[in-house]
Structure formats: C-alpha cells, structure tokens
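Comments concern the structure below.
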Amino acid sequence: MNFCKRAWLNITAKKGRSILLILVTSAIMLFVLAGLLIRNAADTATSNAKKSVGATVTLSANREAAFKKMRQSTSTSKKKTKPTLSTSPVKLSDAKKIAKLSNVSSYNATVSTSANAKGFSAISTSSSSNGGGMKGGMGGSSTSSGDITIDGVTATSSVSDFSSSSSKITKGRGITAADEGTNNVVIESELAKEDSLKVGDTIKLKATTGTKKTYTLKIVGIYKASSSTSSSQGPDASDPSNSVYTSYTFANTIKGSKYKNTADSVTFNISDPAKVSSVKTAGKKLINTSKYSLSTDDSSYQTVKASMDNVKSFADKIVWLVAIAGTIILALIVILMIRERRYEIGVLLSLGEARWKIVAQFFVEMVMVLIVSIVIAGAGGKFVGNQLGKQLVSQQTTTATTSTSTSSQGQMGGGTPGGTTGGSKPSGNMKGGGGGGGSMPGSSSSSSSTASASQTDLDISVTIMDLVELGGFGLAIMFLSIMLASGGILRLQPKKVLIE
Amino acid sequence: MLKANDIGYWYDRQENSLFEHVNLEFESGTSYAIVGQSGSGKTTFLSLLAGLDKPRAGQIELNGEPINKIGLTNYRRSHVAIVFQSYNLFNYMSPLNNLMTAMAITKSSHQGDKEYAADMLRKLGITDEQMKKNVQKLSGGQQQRVAIARTMCCDAKVVVADEPTGNLDEENTKDVIEQFQKIAHEQKKCVIIVTHEPDVAAMCDHSYRLAKHEFSLEK
Ligand SMILES: Nc1ncnc2c1ncn2[C@@H]1O[C@H](COP(=O)(O)OP(=O)(O)OP(=O)(O)O)[C@@H](O)[C@H]1O
Ligand SMILES: [Mg+2]
C-alpha cells in the first residue's frame, strides 16, 4: 500500500495544485449533485402525486346508448312527437358492488335537483330571468326548476370543489355519510348573510316536482364558494350562492319516491391512479353497460405525471451531461498533470515500481480529492438544488395556474387533456425544462389544475443516499479519467525520462 | 557478477552503431569508472546495464542469467540501484520519505526501518533537520548524497551512476566518490560510475574508456 502513502504525501505536499483540483472537482460534483437532487425530488413528487392526486371512475347513465335508442325510435316511428331521451338513474346497489373492488378508496353519490325557498329569499341576480321573487308563489309551482339548487352528495369532502379547496366550510361542518336520511343542509355564506341564517337554524324548501311537499331542513354548516368557482348549471342557473348541499337521500326525496336508492352519478375515488383502467374494466362486469357507463378521469394524475416526467428527464439529462463533461474536463486535467509528472513516473519506473501501482497512486490521489469535493458539493448542493428546483417549479406552477384560469368555466365534460404530450421537449437549458410545464394546457377542470400545481412542489434535501450516489458518479468519473490518461503512463519509457 | 555478453547498440541504423560485440564483466565489491568523449555512448551503455533499455544485440547477464529473463522491471526493482546526474528523487517528499519509499518499492530487507534510513543519511552528512524538510530545499550536493544514501538502503547488488558528480565542487566530488567506494568495499556491491572527470576515474578501482565504438581497460 505504499502507493497510498505516496498519494497522500503528494496531495499534502503540493497544496496549491490540490486545492485547484478540489475546486474543479467540487464544481463538477456540485452540478452532478444538483441533477441528482432534482431527479430524486421529481421521483418522490411523482409517487406522492400518484397517491394524492385524485383519479376517479364515475358511474352514470349511458347517455350514448340512450341517444342511440332515441334515434332508433325516431326513425322507426312515424309519429311527429319530439322523441324523449330516457336515461335511468344509477342504482346504489350497483355502486356498492363497484365500491368493493380493490383500489376503490371511497365513493360519492351525487343527486342534483332544485326546490323553491319558502320563508326565506334566494339570492337573485339581475341577469336571472326567473328571479327569486316567486318565493314559492303558486304560479311558479308548475316549473320543474326551483330557485334553490340542491346538490345531494354522500359527503361534501369528496366533492371536487371542496377537495380542491375552491369551496370551504367556514362554519359548522360539511355533509357526511352520517347525514344519510336526515334533512341536514349546508348553505352558502352569501345566502346565510342575506337571510341572517346561522348554523342550527332551519329553512323550508318546497319541492317543485313530485309530491310538491314542503320540507324543513336544519343548517349544519355554512360554506364559502370562491367567486371564481363556476356552477355547473349552465347559463340559466340561478346564482351559485343558491346552491345547497344535502345528503343524496334528501335530494332523492325531493325528486320523488321512484328515485329512492338511486343517484345521478356515483364517483369512485381510486387509491392508485395507475389502476384506474383496471377498476373500470372490473366495474363494467358488474353493471348493465347498455344502461350505465363508467367513465374515468385521471387527467390530474396524467397532468402531474407528464410535468414531473419532464422535470425528471431534464434532470436526467443534466446528470449525464455534467457527468460526461466532467469526465472530459477531469481527464484532460489528469492528462496534463501526468505529463507534468513524467519525471516522477520515470523515477518510480527506474526503481522498478509496477505500472499499475503508479496508475493506482494517481487514482488514490483523485479519490482523496473527490472525498473533499463531495463534502463541499454536499454543503453547496442543497443551495443549488433549491434554486434549480424553485425555478423549475415556479415555471410549472405559473403555467398550471394560467391554464386554470383559461380553461373556461369548467364545463362538465371539459375535454380530456389531449395536449399533455405537446411540443416543448426539454432542451439543454433551464427554460426548456420549465417549459415542460407549458405542455399541460387543456386540463379538464379548474380543480385538477390546482391540484397539479400544488403537487409539483419539489422537496430538495441532501440525504446520505444522495451523497453515496454522488460518490458513485464521482468514482466512475475519476476512474474513466485516470483510464483515459493512463495510456501515457503505460507507454512511458523510463530511460527517456531519466536521460533527457 | 554482471556480464555484458557480446552486446551491441544503435539508435536508428546499425551502420551508426555506438558499439558492437562488447564483452565486459563487472564484479561485486569493486568500483568501475567508464570514461569517454561526449556522445560516445556512455549513458546509453549504462542504461543497458541498469535495465532501462534492451541491447540490440547480445545480452546482459546477472550471475549467468540474462536480465530479460529476470524481467526488466523485476531486475530494476531487486537487483540494480540507479543514481543519475539529476538525482532522480521525488521532489514532493523529504529525504527520509524518499528513502522509505524506495525501500518499500524495492522491498528492501530494511523496509519500514526509519532509523536505518536516517542512519544512512547521517553517514552522508545529512542532518536530522535536513532529512525532514522537502528535498528540494537541499543543495545539489546534498540531494546527490540523498540519492546515494538511497542506493545504500536498498538491497540491489549493482549500483550504476551517471555523472554523479557532474555539478558538485571538488570537495563534494571527493566525498561522494568516497561514499561509492564504501558501498563497493563495505557493502560488497558492484559500483559502475560514468564520468568525464579523470580525477573520479582515478579514484575508482578500475576504469574503462569507450572510444571508437570499443571499450578498453585503462586501469
Ligand atoms: N534517443 C536517442 N535517439 C537517437 N539518438 C540518440 C538518442 N539518445 C542519444 N542519442 C545519440 O547517441 C549518442 C550517444 O549518446 P549518450 O547520451 O549515450 O552519450 P554520452 O557518452 O553519455 O555523452 P555525454 O558524455 O555527453 O553524456 C549521441 O551521439 C546521441 O546523439
Ligand atoms: Mg551521458
């Protein structure tokens, strides 16, 4: 192990050269580490996103089949009457079967209907043609649309507006599964203010269809809808503040007795978004597909995944680019160093030292330099990684936010993100990498984009594993450089060196 | 013990050979000087004896065994010690570490014995203080003595030196040659010194002259 001692003596005796080597190596290691950090962070973020970004499967009436049926009946019958589209509400018994499939974490039944406010006034908007003034007036009773929109749900927490925080419970609590069969209601804060309603108060609603009975509901919570939240009712809808949430059972009661144990649609939350299509396939076997259909929505997952994949492939490129550039730079430095040390090599050869031990001495010297450099790079890596990560994420988030505001008022079906793989390949520079985020417009609804923006946070911290990985890269770089440079050592003739 | 057996050497063409059909024998416990005009091929001949190069014709034998059979690296490591004009020391080490390194590489019987190395340096007039600082901080004469001390620490029975007194003053020259004489006579080694100084040649036991492509015994 004499060559180790020689390496140590050399490194410590030639301090100036050693410090320069350490600085160059530190710089290279710093870049490799930054790349590794971003790549690892993107990895973690992707798997976190997988877990937390909602992917859903929705069970609803098979509208396509219903349309087909309607067209068929139009062409066969010669009646001039307008054909009606008949869809069947989803049976909860079907939903419960699907809920038992693996990877289904929870489900939410939704029933939408409306009723008229009785004893309090709905918010009226000037643009609204059928204003809230009717107050359960006799004339309006025949219309099927009331001034209060009732969203019957299993639990408000699994409604996308709430899970994406565009709506928030401000007082009391939300609707939960425990509210099944009760007349509990959650109303919007504007409506509460207008009518001076508090949690614990009761309101009356008169059904516009079916029994046309009046029901008394107890307010258990007040929520605040963000102003940008768009209602899903289309242009005719009343003010969004007139939306109330009840248990789906109450909404069914309003709709009429034949709607018992049904829902407009049931949304299943999938625990592992990658399994969405297998849940869909399994679910299809459990239902009558001519009446019902299962649709999937893992667009948020796909969006996050696509943007994260972009960051990752960019980080991968940094790692490889820097590793290759580093190898070349270090190899050139080592070659120069070895040329400068020809005399020393000649002396070693004249003493009868084996050539591989001379190469080993240079390698050990470089490993010593590497160890110090990794410590320096480890200290600086967090800083550099943070800056890089911040820049990447800020560009991701800006583009995500932009696409949120541009993705128009959240139409229900609003286009799957066909463009996720769009243009910008991450090129060699930062902008290119960040531009990866630009390739995710067309997210289907505001909620999914918000989710993706919050998921792209890169957690940058230097772990022991990172340093070990960095050490591996460093060793490989050093090994390659020494190998490239050692050709000179292996060919060197001691006579030439000593006699010149 | 060391025998040049009908060796010949040339750089580019045989017609320009430096020497051919050289038959010389060097014994242990004896010192030899090789003199000759500049460019006559003394250094070249010495490098053949040192195993730094191979002769174009013939072979060098150590105790009857051709050195290319021993292996040149192995031969250099175990059987020959080299002192050149430019000292060939490691410039990033102290004299003591230079000796320790050489002893480790050549697997000397005194390998790792710091006191032994220090003793050798003291014998050649290197102070304890000098032997611990960087070798480059020593004078030319002192560095040359460190290189000689190195040959004394190693077990190699053949010591070759190329103009070891080239840049020393008269007094130092005398000193250094006396050390070589001691190496030959006390350590029973075979010492071969190339020189252009007649005084140095006169101090050695025997002297060969290389002239007109031939070696001739002068003394
Ligand atoms: N690498 C080489 N290639 C070609 N010719 C060489 C080479 N080295 C030496 N020579 C030539 O060989 C001849 C002998 O050189 P060498 O160095 O052996 O002489 P020398 O007797 O040691 O001379 P000096 O007393 O000046 O040291 C010289 O003429 C020189 O020009
Ligand atoms: Mg010469």
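Keep in mind that glycine also has a Cβ here, set from the backbone N, Cα and C atoms.
Taken from TrEMBL, the feature compositional bias 'Gly residues' applies to A:130-140 (among others).
Annotated compositional bias 'Low complexity' per TrEMBL: A:399-410 (among others), in sequence order.
The annotation compositional bias 'Gly residues' is assigned in TrEMBL to A:411-422 (among others).
What TrEMBL lists as compositional bias 'Gly residues' is A:430-440 (among others).
TrEMBL lists A:441-452 (among others) with the feature compositional bias 'Low complexity'.
Within the model, the domain 'ABC3 transporter permease C-terminal' (A:318-397) shows a mean pLDDT value of 84, rounded to a whole number. Sequence annotations record features per position, and here TrEMBL assigns domain 'ABC3 transporter permease C-terminal' to A:318-397.
The region 'Disordered' feature in TrEMBL is assigned to A:68-89 (among others).
Residues annotated as region 'Disordered' in TrEMBL: A:125-146 (among others).
Among the features that TrEMBL reports, region 'Disordered' is placed at A:399-452 (among others).
Annotation comment: TrEMBL describes A:20-38 (among others) as transmembrane segment.
Remote same-chain partners of the transmembrane segment (A:318-338), defined as residues 6 or more beyond its termini with a Cβ less than 8 Å from a stretch Cβ, comprise 17, 21, 24-25, 28-29, 31-32, 34-36, 38-39, 345, 362, 366, 428, 473, 476-478, 480-482, 484-486, 488-489. If you look up TrEMBL, you'll see A:318-338 (among others) marked as transmembrane segment.
Look at TrEMBL and you will find A:358-379 (among others) tagged as transmembrane segment.
What TrEMBL records for A:470-490 (among others) is transmembrane segment. Residues 25, 28-29, 32-33, 36, 319, 323, 326-327, 330-331, 333-335, 337-339, 345, 355, 358-359, 362-363, 366-367, 370, 373-374, 377-378, 381 of the same chain lie 6+ residues outside the transmembrane segment (A:470-490) yet bring a C-beta within less than 8 angstroms of a C-beta in it.
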